[in-house]
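Feature table excerpt (TrEMBL):
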type     : residues : note
TRANSMEM : 24-42    : transmembrane segment
TRANSMEM : 49-68    : transmembrane segment
TRANSMEM : 242-267  : transmembrane segment
TRANSMEM : 279-301  : transmembrane segment
TRANSMEM : 321-340  : transmembrane segment
TRANSMEM : 347-366  : transmembrane segment
TRANSMEM : 372-394  : transmembrane segment
TRANSMEM : 406-430  : transmembrane segment
TRANSMEM : 468-484  : transmembrane segment
TRANSMEM : 489-508  : transmembrane segment
DOMAIN   : 525-710  : domain 'Metallo-beta-lactamase'
Amino acid sequence: MFVLFVAGTLLALTAWFTLAPELAVILALGGAGILTVLAVRFRAVRAAVLNLAAGLSLGLVVGIFWMAQHPALPAALVGKPIELQGTVVSLPEAISTASDRIYYRFIFKIDAVGNDVTVPQALLHQRVQLNWRNPPQLEPGQHWHLLVRLYPVHGMLNPGGFDYEAWALTQGWRMRGTVAGGKLLGQTWHWQRLRQAFSERVANAWQSSPYAGFYDALTFGERSRLTPAQWQVLQQTGTTHLMAISGLHIGLAAALGAGLFALLWRFIVPVQRLARPQWAALGAVVFAAVYLWLSGAALPAQRAFLMVGVAVGLVWLRRPFLTFNALALAALLIVLWQPASVLSASFWLSFTAVAVIVLTLQNPWVKARPGWQQFLIVQLALLLALWPLTAFFFNQAAGWRGLINLIAVPLVSFFYLPMLLLGAMLGLIAPQTLQAVSPWLDPLWAPFWQLLEGVTQQPAGIALPPPRPWMLVLFMVVLVAWALKRYRVAAGVAALFTALWLSLPLWLSRPHTGQLWVTVLDVGQGQAVVLETRHHVLVYDLGPRWERLDTGASVVVPFLHDRGHFRVDRLIASHDDVDHAGGLAALRRAFPQARVYSGQPERFEGALACKAGEAWQWDGVDFRFLWPPQDFHNRQDNAHSCVLQVSVGQTRLLLTGDLPTSQERALIRRHGEQLRSVWMLAGHHGSAHSNSAQLLDTVRLRQVAVSAGYRNFYHFPSSAAKVRWLQRDIAVHCTGCEGALQYHVDASGVQLVRRERWARRTIFRHYCNRSLP
């Protein structure tokens, strides 16, 4: 029933339809009543039907009620000045920009709304993520009266990409905003302030270390000091999960506390009035609580602490510890408390990891092994079980490099993490002692990090795309059969799952000869387009790279891996602007064999020039560069944009980068009627200084795709461009409101086959009121 309850909650949060809470209760109770009647009528299936009724109905009701208590921002309030009163409930995070401006990001709990604004009652007491440029001193527990502009959470949405909106929901907020000013009303004590003071004192002991980012991440859950190069190594080795404090870390802290308290029990006579397991359980909950506090009590850590609490409660009550009953109870409590947990990767990874450890150690063959062999077998079982889940949830291509987790997980779990935890607690008691021993951290961490870096220098070898969601159903069947001791069934389904995953690249859909698939990726205010033929892949523009986000690494590469592409033929950076070429370095690392072309080849090492007139053919699809001409010179980067025309029979597509109007006129003079195309990638993201009427009249478009960010600073696509398209009856689609756009092209024309935001519609997804931002 607990499993069905979780499934019902997941269904409620991911359904594309919305139900009023009252209607949800009526339907749930009605469905439960019908199933109960069936159970009474057909006694043989009574227990199963009642469990189904109770679990799914309760899960649906809980999920729908939770969503009703966390409403979306009303459209009438988007971007409007609103006065809020509330409390700072997180540590402010300093964010620096390329212009050397600094703003602070923090979570604000709303207590009241001013200036006579009518808002849904449920909007009160919600949390919102706010950005404030150059604010006064911000601290947790402060009460402020703020003037803000609120916006819905709206993230980039791509196949194989990170779902920011789902993640924000699991963190408990559905709105973000900017602060124009505010007045401090008062301040109360907040546990985060004590943590901030302590973490700063401890972090000062290793602040000069090149590995300080790792120490901060493992001890305090603060990953802001990890450098992009360090993140790259973690991503390439599949070890990013080690830097996110979750069930593994809290569980290890609990185990460390239980072990130390069990040892102390032998020497402290007064505590021997308690049974040793109860005293050890107390140590587990104390250490887990301290680590929860140190790490900032992020929701994954809170869920893990609740799991520890369930286990400790059973020990103290001296109830038989039936592992799967305890897991089911923990899952029930977690989902009742935080229903959005079912959307979190850490929820599934934590419960799967615990289940795998228990199932492995309960196996008779494993029980007969020596202790050190049991340890190695558990590590191997965890690697094999979590590998596909990690690949799925984090959109990572699975390759042999992931095997380094066999070494990394035990080292971090049983050596580095206890060392840092004990060091932090030492800093709490004797800060001077921590200062004295901290120089020993780097010599201990350096060999491990050198090992990871060495792995990234080796060829990636054969890699697999992430498993598909329906394949994970087979994976869960393996765990259930294993738990029921149906080892042959488990082995058979595991073999089927493995065979399907290994063969996934062979039966992923591909264009036929004489067919082209075009995907305009949603990379915010930038551009990246993937063109696929039967046997070749070209990427036109490579996504932007900003201060804290490289969309080449976070969007383009995961999409290509999700499509099963581990080799790319050509990378084209239309010109040197960061919103078009920022992701080049990440794509070069992922596809070192790809040839790089650009309208400004001198700006990129080893790049070749886009030469007007150069043409080639792949699988019955013709490609031709139209711009820039040889020996072309202009002070504007945009004027050098590489223009590409693609032809499938008489169906032509035109990609013009950021080509300005003056160069559009020159392009028309050079090519005239040859520019005629049925589909075009909007020039300069739909700016008024591209997409000229003369070009549109020459090309005679039927469809245009705009790559522009939602509510972007430049207000692209511009009103002038939208009027020109509307006057010519051109169908317009924009990534900012519709997510990634996927087109199929053949000799008969261009067909829009998928709009990612609509293909993945759920009740928590934000949708524009119109098709263009």
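Positions of Cβ are set from backbone N, Cα and C atoms, glycine also.
The shown structure was predicted, so the numbers you read here are calculated from the model rather than taken from an experiment.
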So which of 242-267, 279-301, 347-366, 372-394, 468-484 has the most C-beta pairs under 8 Å when paired with the transmembrane segment (406-430)?
242-267
Over the span of the domain 'Metallo-beta-lactamase' (525-710), how high is the average pLDDT in this prediction?
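Taking every residue in the domain 'Metallo-beta-lactamase' (525-710) and averaging pLDDT yields 96.
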Should anything in the same chain at least six residues away from the transmembrane segment (468-484) have a Cβ under 8 Å from its Cβ atoms, list it; otherwise answer none.
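Residues 324, 352, 355-356, 359, 385, 388-389, 392, 490, 493-494, 496-497, 500-501, 504 contact the transmembrane segment (468-484) from elsewhere in the chain.
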For the transmembrane segment (242-267), could you work out the same-chain residues 6 or more beyond its ends whose Cβ comes under 8 Å from its Cβ atoms?
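Here the qualifying positions are 214, 217-218, 221, 223, 226, 234, 274, 276, 279-288, 290-292, 295, 298, 300-301, 303-305, 307-308, 346, 349-351, 353-354, 408-409, 412-414, 417-418, 421.
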